[in-house]
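Student: Right, I'll just put the structure down here and ask away after.
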């Protein structure tokens, strides 16, 4: 039977922006690698495909926030890899700031350190504040960023093919260490990158690092079907999930390529009884004042919403291309689509979006959570989920201990790993 793919995004003290304010939060431990290792071991105990670290390369100017990101992801994953054995490890890497030769070497090193468990989530970055830390005034336009990302990935893949283990002969008697017939300098000249030589870390027999992409914009979809093994998406409802996955499969078919896995983000509030699950969500939501939630929404869509009435249906949003402020396209379009199809009021939208970025949320008992996850999976709205717990480690622990056993009993999720290779967790055979 086909199995659901589950990974987890480890984000500070939790995906809910008020998670750090809970009396028992672990906010003091966010900068301790042992906290991340604890979460990775918990994910491995649950037999998840991968443990995923996002990244942000700037500090918010808001005094009421906390540090969302702490460690550079690949550095942290090097430490985590030595304390785990089978779970895949995915780190975020920006094609707008990295050179492909450096990126390929870093990922190859980690791939061998972890014995085949490394993946990279390739992003083009979102904010000008990040670009200004890399000798830029602003990020290039979306299409330019994805054009660079496409070339960035192409060069990395060529580098991983340029030096394989077959080149290493180590003939001690003859003194010949390398067979250069298996080493292929790139001599690459592109629009954004120029790379002369081959990589100097051989790609092992179990293959290269795996690639991922986050986002649902049209350039992002095209990049995904050309290059990656899985795409992290946004889908608020079953129909959105089905439409997005169908679109990805259609694009992959046209590109004559195996479609990437589609893994929408999922936040779960789960407890033995439904009342306690809702109680945690309400407790967290109540810590975010209404005006701040409106401010977060306004920032996400780049529009002034100060005149919007809480209980009036929101008018259709303008096309993304007409916006004067730069916002995340995939988030904007998800909100735009929900407003158009579901006729939401501002109160509805704030309840759904105002405490995070609008990913799917399930609140309920273990059985209720499992039922809805399985429905999405069996109705082909997804191939699994990127789990984003509202609080770490408590909410994630409850998911692992309460929901995973139900998914296993119903035959939709593995009981154990079949290997320690990330590509095998993802169902990649070659």
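Going from the start of the chain as shown, residues are counted 1 onward.
Just so you know, glycine gets a Cβ as well, placed from its N, Cα and C.
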Student: May I ask you to find which of 134, 146, 269, 278 TrEMBL records for the FMN site already listed with 55, 92, 217?
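Tutor: Within the candidate list, TrEMBL flags 146.
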Student: Which value in Å gives the longest Cα to Cα span across the FMN site residues 55, 92, 146, 217 as recorded?
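Tutor: Across 55, 92, 146, 217, the widest Cα separation comes out at 19 Å.
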Student: Who sits close to residue 217 (FMN binding site): which same-chain residues at least 6 apart have their Cβ under 8 Å from its Cβ?
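Tutor: Counting only residues 6 or more apart in sequence, the Cβ neighbours of residue 217 (FMN binding site) under 8 Å are 142, 146, 329, 330, 333.
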